[in-house]
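Features reported for this protein in TrEMBL:
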- 1-181: domain 'Histidine kinase' (DOMAIN)
- 200-316: domain 'Response regulatory' (DOMAIN)
- Asp251: 4-aspartylphosphate (MOD_RES)
Amino acid sequence: MPAGQHLVEQILMFSRQSKPEKKPVQIKLVVKEALALLQALIPDSVEMRENLCSNALVSADSNQIHQVVMNLCTDASYAVADKADGIIEIGLLEKSPQNLPESDTTGHFLELYVKDNGHGIPSKTIERIFEPFFTTKGKGEGSGLGLALVHGIIRSHGGRIEVESQPEQSTVFRIYLPIMEEPSTNLEDSRKSASGGNERILFVDDEPSITNMVKLILERFGYSVVCCNSSTEALSIFKSQPEQFDGIVTDMIMPGMTGLEMAREICKIRLKTPIILCSGCIEDFLLHEARSAGIRGFVRKPLLMHEIVTVLRKALDDASEFAEASGSPEKC
């Protein structure tokens, strides 16, 4: 992307910061999604370390938190770019109020930190680091809006961000977000369904970039994934070996055969497990048609991987419980 275009996009993003669309989010899933994407952006010479020790739920806008993680890790990558032994560590820890500096609340916090062993930040620079357009990067390498955007997002979530740095040694950004207390049954279900599994999944989308991304991330959650960029090809593969797949995730709009049409054909083969439909427009009439075609879950596009993982896990568990209760495999 040309530097000028990237700058314009950053300015627009910064200027139109909207009120977060918050809902219960397991931040660990958002971080895992971001790390999978970062694998293609960060040089192989940089070691990525994970210390994700919390499954806590936070009331958050997952899109915005995803952006925060991407921005901080990208900056960390820049800081270690000239090191032969560059290390970036990202972690999640739970903190009680007494362990949080200057805390005046009684609830627990989730600490999200990103640490690097790069060139560090001078103390006089740290004082201005969250100011819009302030940057230490060279001309054409940064707009100075990334950390200002991160700061604004965290503030809008009722959290705070701190930075510690030792010149020529390390830098760590720490974000504190309030953990949702006393989760309801629905939130406990969300926590449970957000876990991964070892099932075999057929993923169908006509965009190779999407299938590659989804395959990478689902495999990080333990699933075995076969990808197809054609619904007709996917149907052919399923017909030849229907017992090889425990679940299907498919796009709705594809050339030749829609995801809904493919689902109907798959149901004729007496599918034992659920189909998840991804669509940018999930209206009532589509929901009715989709359910009648055997669809067991829906994910709205653009895709957020933690939503795919959550919906898929729930659908697989529901299908398994139904099969056990009925004493026979589920049919469409």
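Positions of Cβ are set from backbone N, Cα and C atoms, glycine also.
Applying DSSP to the domain 'Response regulatory' (200-316) sorts its residues as follows: 56 helix, 26 strand, 35 coil. Counted within 10 Å of its Cβ, the other Cβ atoms near Asp251 (4-aspartylphosphate) come to 24, all protein chains included. Confidence across the domain 'Histidine kinase' (1-181), taken as the mean pLDDT and rounded to a whole number, stands at 81.
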